[in-house]
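What Swiss-Prot says about this one:
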type	residues	note
CARBOHYD	Asn4	N-linked glycosylation site
CARBOHYD	Asn157	N-linked glycosylation site
REGION	319-377	region 'Disordered'
TOPO_DOM	1-29	topological domain 'Extracellular'
TOPO_DOM	51-67	topological domain 'Cytoplasmic'
TOPO_DOM	89-97	topological domain 'Extracellular'
TOPO_DOM	119-133	topological domain 'Cytoplasmic'
TOPO_DOM	155-159	topological domain 'Extracellular'
TOPO_DOM	181-195	topological domain 'Cytoplasmic'
TOPO_DOM	217-223	topological domain 'Extracellular'
TOPO_DOM	245-257	topological domain 'Cytoplasmic'
TOPO_DOM	279-285	topological domain 'Extracellular'
TOPO_DOM	307-377	topological domain 'Cytoplasmic'
TRANSMEM	30-50	transmembrane segment
TRANSMEM	68-88	transmembrane segment
TRANSMEM	98-118	transmembrane segment
TRANSMEM	134-154	transmembrane segment
TRANSMEM	160-180	transmembrane segment
TRANSMEM	196-216	transmembrane segment
TRANSMEM	224-244	transmembrane segment
TRANSMEM	258-278	transmembrane segment
TRANSMEM	286-306	transmembrane segment
Amino acid sequence: MRANCSSGLACPANSSEEELPEGLKAFGNLDLVFTVVSALMIGLLMFSLGCSVEVQKLWGHIRRPWGIAVGMLCQFGLMPLIAYLLIISFSLKPLQAIAVLIMGCCPGGTVSNIFTFWVDGDMDLSISMTTCSTMAALGMMPLCLYLYTLSWNLEQNLTIPYQNIGITLVCLIIPVAFGIYVNYRWPKQSKIILKIGAIAGGLLFLVVTGAGMVLMKEFWSSDIILLMISFIFPLIGHATGFLLALLTHQSWQRCRTISLETGTQNVQMCFTMLQLSFTAEQLVQIFGFVLAYGLFQMLNGFFMVAAYKMYKRRLKNKHGNEKPSCQEARHRKKSTSPKETTAFLEVNEEATLSPGPSGPVDPHGAPTPTGDIARAK
């Protein structure tokens, strides 16, 4: 099925004899290799991240899915709406508008999971949101596209990549399930696997980012408006996702997680859908946007992680220079606060800053009598 973006824009079926542009030709030749390698790498990465998931916490998110519900609202409520508002604000052409809207309707990608781990987010919630959004995409993608294109002149429906969604689910659920099992049976070994996976994920992201910059060299001057949208779109998603999580009284850890999940989209699924729906001649007009969005969401993620690490180190240094009396006073203030968290970074230092007992303690839990009471005895 093909999409006719306007009454004057025809979308005939793709043919193998059609001449591809250089950028798309290189991408098409490496598409199969990239798909297989990325599937294996993502599978191994999700296995290592699954080693950080605890069964009890995961069941808690499923039994009380408030965080998942907020994340789904951000994913399929805010992101399509943001895409639609950007389309109206920049008065995009029909073909460009469809590309931006499809990106907004796609589920969250696995990139957000490793970024969530690096910012000390809620990994159980992150993996739950990625899995649930991918499953919900089977119905929510067609629904969102239908609702937002009611006023558009579309003669035929867009092609939903159900096969790609199914492959993504398999690459998510099976490795994560094995990781959860390893963490349940061998918790010490799972921590080692998690550290190795985090390093491998970082190297993989650096390679993907570098490859994206090389492929983007032919598209930097293609359309400035699309490049601008590809830069601000994920940033707006991160900001609005964080604000919605904050308004629904989620913890700071969950706010960071939902923010990253909201702005990070499954770029490969978006490109697959565009490839199934348009010809190569039309695809070259919007390929730069898809590639730029994936590149900018990577760069945004690295920037957020770097900012978090710097602020966390600064916070630890500040607390380390405090006098013991100030630390005890701050600890007493924390212990009397009914809130779940007290700082955006949620640096858990109560264990290290907690003052020890002032006197000897009885092994059975009863305090040793001192002062006048001891003399009376």
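Including glycine, each Cβ sits where the backbone N, Cα and C put it.
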Count the Cβ pairs between the transmembrane segment (286-306) and the transmembrane segment (196-216) that lie under 8 angstroms and are 6 or more residues apart in sequence, then report whether there are at least 3.
-> yes
Number of helical, extended and coil residues in the topological domain 'Cytoplasmic' (119-133), per DSSP = 11 helix, 0 strand, 4 coil
Considering only the recorded stretches 134-154, 224-244, 258-278, state which has the highest number of Cβ pairs under 8 Å to the transmembrane segment (98-118).
-> 258-278
Under an 8 Å Cβ to Cβ limit, what residues of the same chain, 6 or more beyond the ends of the transmembrane segment (224-244), are close to it?
-> 70-71, 73-74, 78-79, 82-83, 86, 90, 92, 96, 99-100, 103-104, 255-256, 258-265, 286, 288-289, 292-293, 295-297, 300, 304
Across the topological domain 'Cytoplasmic' (307-377), average pLDDT on the 0 to 100 scale | 53
For the transmembrane segment (258-278), the candidate among 68-88, 134-154, 196-216 having the most Cβ pairs under 8 Å is 68-88
